[in-house]
Amino acid sequence: MAVLLLLFLALFSNSKADGDFDVRRHLSTVTRYGAVKDIVDDSFIPAHIPDGCTPIHLNLVARHGTRSPTKKRMRELEILASHIKELIKDAKERDLSLQKVPAWFLKWESPWKGKLKGGELDIKGEEEMYRLGISVRERFPGLFNEEYHPDVYPIKTTQVPRASASAVAFGMGLFSGKGSLGPGRHRAFAVTSESRASDTILRFFDCCQTYKDVRKSQEPGFDKLKEPILTDITSSLAKRYEFNFTRQDISSLWFLCKQEASLLDTTDQACSLFSPAEVALLEWMDDLQMFIVKGYGRSLNYRMGVPLLKDVVQSMDEAIKAREGNQVPGSFEKARLRFAHAETVVPFSCLLGLFLEGSDFERIQKEQPLDFPLKPPQKRKWRGSTVAPFAGNNMLVLYSCPANSSSKYFVHVLHNEHPIPMPGCGGTDFCPFQVFKDKIVQPHLKHDYDTLCNANLDQPKPKPETSKLPLLFRWLFGWGNDDTPSHGVEL
């Protein structure tokens, strides 16, 4: 297996010109929005929206913008800095050559050293969300031409500060020039949230005890999942730089690479340690974990998001009722804007059936397990950098069409502001509303949130359903014996 991996690394490296590879597009869910928002499937041809069709309502489900590392992960980087110093000191005392060790290693300190708090929205995240607000308004001017009222444009967020700050930045862009505050003529607007303990619409994952129990039981498997890749890359880097790296060092250096590239636009330090092929494997490792923990890897991951799906459909039903009833403009909702987390956006994308391969949608409808995302260099649709980058979003725009159309109302689905095919609607991005409800929404509604998440909490917990994970990784790699601390993908 090691020989095959080394062969793959060599082939990948030789086939990829350095100038074509931008590591900032390969950081899984730590990728900045601007680096990937315009990466689309060139083989997909978006639907032509018929003349006379006009948008009457918009639903937005967005992840917060780029944020700082958490306090726990900042501490990890300080431990890495200390270990590097120890290794360098040891090498000098033993008169070992440091000729191949990168120069920046010798005096490196964590950029976040001494910082007491973490996890907040970064200035780059503020800019992402502000620009997204402007972009949405410019794309759908007819939806945002009303005088602001919180019942017309409700903005909802979780109680986590980076999500609420993202909502504020978005709103500043959306309503810029429409108020009287400051040179930018900003205006005040309301942002509301539910308690973390009861927010089953945007933090359904936090209120679902079954999900939390299953996720905790999976953690040892994730460590084993990462072992083979980290072991081989550790060996490669140790030989390349003649430095005594550990697997934990490589895990921390990969995390450092993602933070430096995303937050600081620095790609010539930690990221430069890895070849494009090694980055591809590390990215796949993160993407695979996201698939298993938040995506199609287990049906509970997305079925617990049904309250959010119901909320979206309800808002569209109400918009249709307002239009059919000829309600006065300004008296009904025109957009429902939500700001949350990757744990919200990823399951919601799965409920819509996005990023599926081949016949996967039919398999989901039959409640059959899906295959894991293909390993590089094979191509795959499931990539954290496009499914849920910072500020990643899904928009569902409800259109009213002329009476001579095949349907009076349609749903246009956009992911990161681009049309995206829905397998449940024949692979189109512009779906008759009734078909959307019948084919995509209705099959999920048989799953009740309370039954899925909180039933029989006083009873002994059942064993989790059999996972293909152990079998897959025994077949691919075999297990290692060393103990590696858990490092979940940060969101």
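Every residue, even glycine, has its Cβ placed from backbone N, Cα and C.
Keep in mind that TrEMBL annotations are predicted by a computer and have not been checked by a curator.
The disulfide bond annotation in TrEMBL covers CYS53-CYS401 (among others). Around the Cβ of CYS401 (disulfide bond), 20 further Cβ atoms fall within 10 Å across all displayed protein chains.
Annotated disulfide bond per TrEMBL: CYS257-CYS271 (among others), in sequence order.
Packing around CYS431 (disulfide bond) is summarised by its Cβ count: 23 other Cβ atoms lie within 10 angstroms of its Cβ, all protein chains included. Among the features that TrEMBL reports, disulfide bond is placed at CYS425-CYS431 (among others).
Per TrEMBL, signal peptide is recorded for 1-17.
Ranked by Cα separation from CYS401 (disulfide bond), the disulfide-bonded residues CYS257, CYS271, CYS425, CYS431 are led by CYS431. Counting other Cβ atoms within 10 Å of each Cβ, the lowest count among the disulfide-bonded residues CYS53, CYS257, CYS271, CYS425 belongs to CYS53. Here the CA atom of CYS431 (disulfide bond) lies 41 Å from the CA atom of CYS257 (disulfide bond). Separation of the C-alpha atoms of CYS431 (disulfide bond) and CYS53 (disulfide bond): 13 Å, rounded to the nearest whole number.
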